[in-house]
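Participant: The structure that follows is given in the form of structure tokens.
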Amino acid sequence: MLVVLGAACAGVLVEAFVPRKARFLSQVVLSLASLATAFGGVVYVATQLTSRGDGKAFGTVAAEGSVAVDGPAVFAWGLILLIAIFGVMLFAERRLEGGVSAFAGQAAALPGTSDERRVSERGLEHTEVYPLLLFAVGGMLLFAAASDLLTLFVGLEVLSLPLYLLCGLARRRRLLSQEAALKYFLLGAFSSGFLLYGIALVYGYAGTVTYAGISEAIANTPGDRGLLLLGIGLLAVGLFFKVGAAPFQAWTPDVYQGAPTPVTAFMAAATKVAAFVALLRLFDVAFGAERWSWLPVFWVVALLTMVLGAVLAIAQTDVKRMLAYSSIAHTGFLVTGILGTGAVVTGDQITTTTAVLFYLVTYGFVTLGAFAVLTLVRDDAGEVSTLAGWAGLGQRSPLVAGVFALFLLSLAGLPLTAGFTGKWVVFAAAMTADAWPVVVTAVLTSALAAFFYIRVIVVMYFAQPRGEGPTVAVPGFLTTATIAVAVAATVALGVVPGPVLDLAAHAGEFIR
Amino acid sequence: MGALSFLLLLPLVGAVVTAVLPGGPGAVLPKWSALAFSLATLVFGVVLAANYDNGGGTQFTEDHTWIKAFGAHFALGVDGLGLVMVLLTVVLVPVVIGASWNDADGANTGRQGVFFALILAVEGLALAVFCAQDVFLFYAVFEATLIPAYFLIGSFGSGERRGSAAVKFLLYMLAGGLVMLASVIGLYALSARSGDASYLISDLAELDISTNTGRWLFLGFFLAFAVKAPLFPFHTWLPDTTAAATPGTSVLLICVLDKIGTYGMIRFCLELFPEASRWATPVVVVLALISIVYGALLALGQDNVLKLIGLTSLSHFGFIVLGIFVMNAQGLSGSIFYMLNHGLATAVMFVAAGYLIHRSGTPLLSRMGGVEKKAPVIAGLFLLGGLGTLGLPGLSPFVSEFLVLVGAFEHHPWTGAVAVTGIVLAAAYVLVAYQRAMTGPPRPELAGVGDAVPREVIAIAPLVAVMLVLGFVPQPALDVINPSTDRTLEVVQP
């Protein structure tokens, strides 16, 4: 984590001192190298974890109780770093638009002004995006491992602020992009407010901000819990906003649509990992003893999120928006997985933590791949994301359409793809906790959700293109590699999920 | 690698090979490759059947751990029921390929390789379904069959509505499948609670499932199979799909894939949830009877010959489900045999109708007429399939229909009485259709129509032969079926 943040700072220095021509290359190399080093570090840390207590959880609480280095945290770190590496690769793709990246030349130049024309003529670009991404990644790492409420809050802000900026930097459709960034920022600031207020209330109740301390306080203080419950509620609001769970999902479609597609890919995959691990840790470790008062809320949130995501996705005519709503539905499935926390687990049964971690892996790679494909399909005005514009893609470029169809089928949860095994584990986790009404609803919404994934396939394969139809840009090496890895992961996790599943199971429980 | 893995890998490898061979309009290489792989599968299937021991229970078993955390195994094996379905599949696929020889040429995609590869993919996955001895494996391949089937309907069907028909098909199937998924996960929860999770059918049969839970799980499985089979009122995807798909695809769908529904009812509903099956019997029997009569009545008024055959299948699937749920030896044996025979007779009808449509350019009976004079062989084949469908003695469907009816009468006289009307109506719809399309003076549009060419006759001949042989000597088939029937009944009878 320090490596990433350090590299981010180094990136700022590079931005300041390295001549403009060399900046792009040095930034990309620096980012990739630091992420890879950090990944190596995570693997090393993973082998050094020591078992604690009953043997189910291992790791230590570092930095005076503010950061927990345990199985799930290390697992999440590895995943976030992997996604970030591919995120950088997508960011660095310059071949698609004739040698420039997907980001605006100079964000301050107003769209359509002479300023902007001058900037693009000079071929300027924001190489700041790489340090920004690194800062976001650093925030995510902190967020996923936060073991006290203040660290949680710091992590959240460090991850969010760069994302707000990145969202507004699209080269094409600047206004939409800037609007998305503004919306994200305003709503994000609201949610931070909720979170902060929640932290204050919980501190007021427990007199401490560490998770272990809160858990102890809950166990030792019978009686009036009004303050605690209110605090939990507000914290939940803040975190549900971050993961995009209903009824706090409203920002998702606009931001996903408006942000530059590489940013969307990175954000959709990585933020979800960090936020869900943080959510799970907070509610399991700190509020675990109070489970029976917050689980019903999660039931409702899971139901609402799935149904809302699936129903609204049907009405979408834009592929990016459709994927955004689909991500809301998937958030619902993940929350369904959390419902398993109350279950009595025997033997080597699937636990909630295993299920959610594994689902995050499957979802992360599929999402990354799907958005990467989105960057390829374009016409004169840039990326084509309207559904009608995709008509006939299956005949023009069978390979790209086939790959996208694979991702869609995986999102729909067809067997032998990653999406199916992922869905299976979260549903199984919920089922062991007897949450079968939610599982049945989840299954029905999956059927509903299948409709809009299939509609895209229908458009790609069975519809005749209107006029010219979309063309597929030939991607550079970096994008190709990203897509190839995503495809391989989708198939491998569908057919032989065993190793990753074992890894997720091996990550064990959260330490307390 | 076990014999059964080899059997199902053969067509799957064939699918890959066929798909990568150079396609393009007019290419013949993919066709021959597909035919060769399907024939090899046929030969291997027949060799397996020859080595099958009638008294031996589940055979050719193999078992590899697949996903340990789920308790999923890659476990294969066949008993009498499975073997019959495997044989039906391996026999029908070469026929489909032969009969569809030119179907993909006209498709606008110009990729016949893909068409034939999809057929082989369906074959391999269907074989896996019938051999699976593990619920998770069964579920995974069961759902996976949908993808090639979906593209077969959507990419290569005929008519404007093929896209929407494909979507309707897939949504019905997915909805059914996902309901089953809830039950499959429920089984996991139960199995994990009682110790180590395992999805092997043999392990699940040992589970002690409470009455209420059993009924819920049963419902999940049953609904999925009822959509698949199809059973009234879950059948509405059927006419649209058959009308939109090529006749060859329809053969695969109705004669092979839909059998997974009735196969699953026996294998999972009866064997895993005997109590719940008995509990559901009255309702299921009524639904089956409605299917029989309703399907036949709809067929009687149908002008599109492909839809007509689809609807007759609704009626026949009613018979099969009825035979399964009356739960006596005659009914169940009859049903399993019926699954085989219905596949043969319906395939003959579909293929003959396909030849006809190919020539006349219309699927509407009212636009045909007098085909008998122009193309006597095709008309004859259609009649033969039709007579098989209506249960003419001497053709194999008769035997199975007879057994099912005996079983139905044993269950309750009224059940048998209603079911018999299905036979009467069958005679009506087959003969009326034949009369409208084939007899009388040839219509002027048919002037240029020629009779079946040798390739078409050769493609269909094996089916006719098997139908005749099993019609006169059904005993070998029944010898395979009966032991597994007895085993199932032991489980399910109180």
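Cβ atoms here come from the backbone N, Cα and C positions, even for glycine.
Curation does not apply to TrEMBL; its annotations are automatic.
Pasting the relevant annotations from TrEMBL:
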- B:132-425: domain 'NADH:quinone oxidoreductase/Mrp antiporter transmembrane' (DOMAIN)
- B:34-52: transmembrane segment (TRANSMEM)
- B:73-101: transmembrane segment (TRANSMEM)
- B:113-130: transmembrane segment (TRANSMEM)
- B:137-157: transmembrane segment (TRANSMEM)
- B:169-190: transmembrane segment (TRANSMEM)
- B:216-238: transmembrane segment (TRANSMEM)
- B:279-301: transmembrane segment (TRANSMEM)
- B:308-329: transmembrane segment (TRANSMEM)
- B:335-357: transmembrane segment (TRANSMEM)
- B:377-394: transmembrane segment (TRANSMEM)
- B:414-434: transmembrane segment (TRANSMEM)
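Help me picture where these features are in the structure shown.
Facilitator: Within its own chain, the transmembrane segment (B:34-52) is flanked in space by residues 3-4, 6-7, 10-11, 13-15, 17-18, 59-60, 78, 83, 86-87, 89-91, 93-94, 97-98, 116-117, 119-120, 123, 127, 480, which lie at least six positions past its ends and keep a Cβ under 8 Å from the stretch.
Here the transmembrane segment (B:113-130) has Cβ contacts under 8 Å with residues 7-12, 14-16, 18-23, 27, 29-31, 33-34, 37-38, 41, 76, 78, 82, 85-86, 89-90, 93, 96-97, 100, 103-104, 107, 137-138, 141-142, 144-145, 148-149, 151-152, 155-156, 248, 252, 256-257, 260, 263 of the same chain, all six or more residues outside its ends.
Residues 70-71, 135-136, 139, 142-143, 146, 149-150, 153, 197, 199, 204, 207, 209, 213, 216-221, 223-228, 234, 236-237, 240-241 of the same chain sit 6 or more residues outside the transmembrane segment (B:169-190) yet have a Cβ under 8 Å from a Cβ within it.
Tertiary proximity for the transmembrane segment (B:335-357) is limited to same-chain residues at least six positions away from its ends with a CB under 8 Å from its CB atoms, namely 80-81, 84-85, 87-88, 91-92, 95-96, 99-100, 103, 246-248, 250-251, 254-256, 259, 262-263, 266, 305-306, 309, 312-313, 316-317, 319-324, 363, 368, 371, 375, 378, 381-382, 384-386, 388-389, 395-397, 399-401, 403-404, 437, 452, 456, 459-460, 463-464, 466-467, 470, 474, 477-478, 481, 484-485.
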Participant: For the transmembrane segment (B:414-434) and the transmembrane segment (B:216-238), check the count of CB pairs under 8 Å (sequence separation 6 or more) and say whether it reaches 3 or more.
Facilitator: no
Participant: For the transmembrane segment (B:137-157), give me same-chain residues lying six or more residues beyond its boundaries with a C-beta closer than 8 angstroms to one of its C-beta atoms, as numbers and ranges.
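Facilitator: Residues 66, 72-75, 103-104, 107, 109, 114-115, 118-119, 121-122, 125-126, 128-129, 163, 165-167, 169-170, 173-174, 177, 180-181, 184, 199, 241, 244-246, 249, 252-253, 257, 260, 264, 268.
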